[in-house]
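Scroll down for the structure; my scribbles are underneath it.
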Amino acid sequence: MGLLFKQPEGTAGKAWPAILISGFVAFGGILFGYDTGTISGILAMPYWARTFSTGYRDSTGQLNVTSSQSSAIVSILSAGTFFGALGASPMGDIIGRRWGLIASNGIFVLGVVLQTIATSIPPFLAGRFFAGLGVGLISALVPLYQSETAPKWIRGFIVGAYQFAITVGLLLASVLNNATHHRNDSGSYRIPIAVQFAWSIILVGGMLILPETPRYLVKKDNIQAAARSLSKLRRLPEDHAAIREELAEIQANHSFEMSLGRSGYMECFQGNLLKRLVTGCLLQALQQLSGINFIMYYGTQFFKNSGFQNEFVITLITNCVNVGSTLPGLYAIDKWGRRPVLLTGAIGMAVSQLLVAVLGTTTTGQDSRGNIIVHDAAAQKAAIAFICLYIFFFAASWGPSAWVITGEIFPLKTRAKSLSMTTATNWLLNWALSFSTPYLVNYGDGNANLQSKIFFIWFGCCFLCIGFVHFMIYETKGLTLEEVDELYMEVDSARDSVKWQPRGVARGEKEAHGAETDFAVETAKGASEQQEVIGDAGRSL
């Protein structure tokens, strides 16, 4: 860490406690990625297919599930995550970010239990739904917790670590699937599913000892607890000037926001908050429409149907690329900024998807039974290489950046609500794509049989990403969450955000509100010094 990032000079305290705490919370991404990744391999396991088949036989004459059953099994997780993400706002605001994550794990474990014991499709579907409900809650609460605890100069890396954890979860799923798919018993699919208990236990164990976020505690008027939380995160005494100044900034900002009216869902759709919400929702939607989860959900099955040998190994390779490519993206987002990283990634993804589509379409055919005929083996290998190149560009840009940006562009009073809606958008598109993909790709009656042509669709969406970044994404590198709020209030065009410098959020109004605020930080210097600190904090904004 020290080789890549250096704490800015003059910054009081230590950054490593906040980095470790926020980094550990990213472990929630393991649950997300692993649960997403297991199903691709499980659908391709012969024993699972025979066990859960209702009598349908595929083109090879083997017992299997139908396209509609496969679609339901994969997409039901995303349906659960959609409702879970929407539920994250009331849960996070009522019981807190920390206890919300703990409760979410309980729901997730229920889903894992049902999937593990299932021997038919209905209980398996129920398990996938409840697991999705838990994952949806976690997927909104983790970036929320991270963005509210991370130091501003490394916030992109820390929140982006959530995406890294997702890729690690996907990789672990492919490793377990590859290790058990040859088994001719229920262990072939039950072992990969049951391993998820371990991830949940680790996350809950850590959350029991980690602090609540200081911004949530300020929102609840528990200023003493907020000071203690900041003290743990910055490794400074509660009465240290830096702690009191940061606490003053957080509380003054929240006081100013609340002076404009109580927060509700309708407020998320007003003024520049609507612009931020549209930006966040479109960002998450386009992340899904880039085609990444086609590879993650159906990659193993697609490679198998396309005539590739060792499809489990290919999936393992693509997941290794996904993990390794996320690391440079975490560095780049704080080094070069959000806009350059997203723009470069969008261009790289578009070119890669176009080449995969052209190679796959022009070098393969089908026989009368729908089996793929490969005319050029070298071109197929090249297509795999470009899929890996696409994954590199995605993992180094849009993968982590979507979570980073949506976690930092909303003000405190609507942050949980807005973030839950942007995350729900991600899962809504995730569900739509996972449900429709079998019908779009597979051969047979009622199916579009696009095969590799589907990559033309992903190319078109990636091309749209380029314009979206240029016109909609604000540059927020190196800003506190309060300064990001100021940026959106002062700058109308995303293109002008690069030149903006923070000067304090509505300085006059916030000083007035800050002067009336009781920070309740007990120190020997008494209330008069507290008032002086409030004034100093207001002038420093």
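Even glycines carry a Cβ here, placed using N, Cα and C.
As recorded in Swiss-Prot, the features of this protein are as follows:
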| type | residues | note |
| --- | --- | --- |
| CARBOHYD | N64 | N-linked glycosylation site |
| CARBOHYD | N178 | N-linked glycosylation site |
| CARBOHYD | N184 | N-linked glycosylation site |
| CARBOHYD | N253 | N-linked glycosylation site |
| TRANSMEM | 15-35 | transmembrane segment |
| TRANSMEM | 72-92 | transmembrane segment |
| TRANSMEM | 106-126 | transmembrane segment |
| TRANSMEM | 129-149 | transmembrane segment |
| TRANSMEM | 156-176 | transmembrane segment |
| TRANSMEM | 191-211 | transmembrane segment |
| TRANSMEM | 277-297 | transmembrane segment |
| TRANSMEM | 313-333 | transmembrane segment |
| TRANSMEM | 340-360 | transmembrane segment |
| TRANSMEM | 384-404 | transmembrane segment |
| TRANSMEM | 418-440 | transmembrane segment |
| TRANSMEM | 454-474 | transmembrane segment |
So N184 (N-linked glycosylation site), by the Cβ count within 10 Å over all chains shown, scores 10
Judged by other C-beta atoms within 10 Å of its C-beta, the most isolated of the glycosylation sites N64, N178, N253 is N178
What same-chain residues lie close to the transmembrane segment (129-149): Cβ under 8 Å, and 6 or more beyond its ends? 18, 21-22, 25-26, 28-29, 31-32, 35, 76-89, 91-92, 97-98, 100-101, 103-112, 114-115, 155, 158-159, 161-162, 196, 211, 213-216, 233, 403-404, 406-408, 415-416, 419-420, 423-424, 426-427, 481
Just give me the nearest neighbour of N64 (N-linked glycosylation site) among the glycosylation sites N178, N184, N253, Cα to Cα. N184
So are the transmembrane segment (418-440) and the transmembrane segment (72-92) touching or not, going by 3+ C-beta pairs under 8 A with a sequence gap of 6 or more? yes
Would you kindly list the residues that approach the transmembrane segment (191-211) from elsewhere in its chain, counting only those six or more residues past its ends and only Cβ-Cβ distances under 8 Å? 21, 24-25, 27-28, 30-31, 34-35, 38, 41-42, 98, 101-102, 105, 108-109, 112, 115-116, 131, 149, 169, 172-173, 176-177, 180, 228-229, 232-233
What same-chain residues lie close to the transmembrane segment (72-92): Cβ under 8 Å, and 6 or more beyond its ends? 35-36, 39, 43, 65, 100, 103-104, 107, 111, 121, 124-125, 128-141, 144, 216, 297-298, 416-417, 419-421, 423-424, 426-428, 430-431, 434-435, 437-438
C-alpha spacing of N253 (N-linked glycosylation site) relative to N178 (N-linked glycosylation site), in angstrom: 51
Reduced DSSP assignment, N184 (N-linked glycosylation site): coil
Using Cβ distances below 8 Å and needing 3 or more such pairs, separated by at least 6 in sequence, tell me whether the transmembrane segment (454-474) contacts the transmembrane segment (313-333). no
Short question: most Cβ pairs under 8 Å with the transmembrane segment (277-297), which of 156-176, 313-333, 384-404? 384-404
When you scan the chain for residues with a C-beta under 8 Å from the transmembrane segment (313-333), skipping those not six or more beyond its ends, what do you find? 4, 37, 40-41, 156-157, 160-161, 163-164, 167-168, 170-171, 173-175, 177-178, 295, 299-300, 303, 340-341, 345, 384, 387-388, 391-397, 399-401, 404, 477
